[in-house]
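Pulled from TrEMBL:
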- 25-47: transmembrane segment (TRANSMEM)
- 29-517: domain 'Major facilitator superfamily (MFS) profile' (DOMAIN)
- 67-87: transmembrane segment (TRANSMEM)
- 94-118: transmembrane segment (TRANSMEM)
- 124-141: transmembrane segment (TRANSMEM)
- 153-180: transmembrane segment (TRANSMEM)
- 192-212: transmembrane segment (TRANSMEM)
- 304-326: transmembrane segment (TRANSMEM)
- 376-398: transmembrane segment (TRANSMEM)
- 405-425: transmembrane segment (TRANSMEM)
- 431-452: transmembrane segment (TRANSMEM)
- 464-486: transmembrane segment (TRANSMEM)
- 492-512: transmembrane segment (TRANSMEM)
Amino acid sequence: MGLDFIEGPGEDFERALECAGFGKFHFALLTICGLIYLNTAMGITIISFVLPSAQCDFQMTSEDKGWLTAAPMLGMVLGSYFWGCLADTKGRKFVLIGALLMDGICGVASSMSQFYWIFLMFRFFNGFAITGAMGICFPYLGEFQPSKYRETILCWMELFWTVGVIVLPGIAWIVIPMQFEYVTDNFKFASWNLFVAVCALPSLLIGFWLCFFPESPKFLLECGEADEALEVLREMFASNTGESVVDFPIRSLREKTRNMSVISQQSTRSIRSLRIRKPKELRLLILEIWEQTKALCKPPHLKYTVITCLIQFGLTTSYYTLMIWFPELFYRFEEFESLYPGQSATVCEVSSALATGVNSTLSEEFCSNEPIADSVFLHTLTIGLACIPTSFWLPLCVHRLGVKFFLVFSLLVAGGVTGGLYFVNSTVTNLVLSCIFEAFTSLGISTVYCVMVDLFPTNLRVMAAALSLTFGRGGALIGNLIFGFLIDLNCIVPIALFSIMLIVSGLLCLLLPNTGKGALD
């Protein structure tokens, strides 16, 4: 290829990343990170199809459903920072594999649960695990990308989320209506159990596939492992160009001044090599995590830490609460229209009517009916399909309009649409507003992750994302509990609250800088 080998004290990482080329390796990495993001979209919203299907097996009231939707969110609250700390100290790939395998195993176990509280517990652990994968896949993908491609590649992740939103109701539509039931004296496995098991398998498969990918070279360099980072870049070069690894023109990397203060002061070893089982090394690891946490909570990072946490709180609370409950709302409209043909009512009136009638008593006659009408699956599938235009709009126009524009625009539109839910009086209008809401809020979630890759340095990047996710999941937990308790009593309160939170989040995005132009710190 006529490349000149670069000798000397060490080459800048961004220059070395450019020399590694852009091609086959990056597309494979985008594929697996996209599948992780797709899988999280399925894992987070799977409960929305379980609620109406399993309510008779578990004899669930609206409050029980509220707790069931809140359980994964509680797991996410506790899991976000746990996985973030591990990823910024032990490595991105290591934590991604662990989180995916845990999610898959707990998903399969939950599908076999025979009691409400056991199912609740496993869904808690599913939330605990899946939040790790969700918070790390963006930084992991971004740290392999040259500056000129990074923003666009990260924005393509939105398309995978959309596919996940489409695939989930498709699987549910195929599996849940099946006349399948295996029953013994102490065990029952119905079609909805099979649906939960099927949705758990991708986590296991993706986790095993990820074993064949390397650790982030940017993270390795941050840990002082320059030789290992160079080896990863050589493998990337060989995969992208078809040349031998020995032809990679960079011979050494310039090591960055190590920010991991506790480790660098008390040990010459890489932080990745510390073993949790040894008390002395565990103490060093905990001290390091504490130092990094303090760094996020003081200048120059404090401002963006606070802003991103508030944005995530408002956006995530609204998105995950409403997306999990949309199939339930569709189901309630179907029930109302079958009980009172020709009558129209708002979503609040429908919920109130069913709460005082069939829904709250859970009569045997009601439970023996078909749990979910085909139209509910179709409506949810339509919501996913409605996201396709915005999923292409984001990566194709992000360089022209900027990530900040997409953040502000998407959140303000979503806030207005959420307020409009109060005026919904039919399944059709509910569907239209739901489509717009999903398209713009999912766009907002993906762009927040894109921005955070640039806002924080490598040693704090995943931890910062995890901290903001903790606030977001905490909001989602509260939101699901509020919605579960108030949907039958006074649903105008949560609708107005979520609308205001989205609008405020959109305005906060104006305080963020323009990103995506320079090399990662």
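Quick reminder: no glycine exception, Cβ is built from N, Cα and C everywhere.
A quick note: this is a predicted structure, and the numbers were derived from the prediction, not measured.
Against the transmembrane segment (192-212), stretch 25-47 has more CB pairs under 8 A than any other of 25-47, 153-180, 304-326, 464-486. Averaged over the domain 'Major facilitator superfamily (MFS) profile' (29-517), the predicted model reaches a pLDDT of 83. Between the transmembrane segment (153-180) and the transmembrane segment (304-326), the number of CB pairs under 8 angstroms, six or more residues apart, is fewer than three, so the stretches are not in contact. A contact links the transmembrane segment (124-141) to the transmembrane segment (464-486), because at least 3 Cβ pairs that are 6 or more residues apart lie under 8 A. Tertiary neighbourhood of the transmembrane segment (25-47): same-chain residues 68-69, 72, 96, 100, 103, 107, 123, 126-127, 130, 133-134, 137-138, 140-141, 144-145, 149, 153, 156-157, 159-161, 163-165, 167-168, 195-196, 199, 202-203, 206, 209-210, 213, 235-236, 239-240, 320, 323-324, selected by CB-CB distance under 8 Å and a gap of 6+ residues from either end. Across the candidate stretches 67-87, 376-398, 405-425, 464-486, 492-512, the maximum count of CB pairs under 8 A to the transmembrane segment (431-452) is reached by 405-425. Contacts between the transmembrane segment (492-512) and the transmembrane segment (376-398): absent, as fewer than 3 C-beta pairs lie under 8 angstroms at sequence separation of six or more. Looking at which of 67-87, 94-118, 376-398, 405-425 has the most CB pairs under 8 Å to the transmembrane segment (464-486), the answer is the stretch 67-87. Long-range contacts of the transmembrane segment (94-118) within its own chain (CB-CB distance under 8 A, at least 6 residues past either end) are made by residues 36, 39, 43, 58-60, 64, 68, 83, 86-87, 125-126, 128-133, 136-137, 140, 186-189, 193-194, 196-197, 199-204, 206-207, 210-211, 215, 272.
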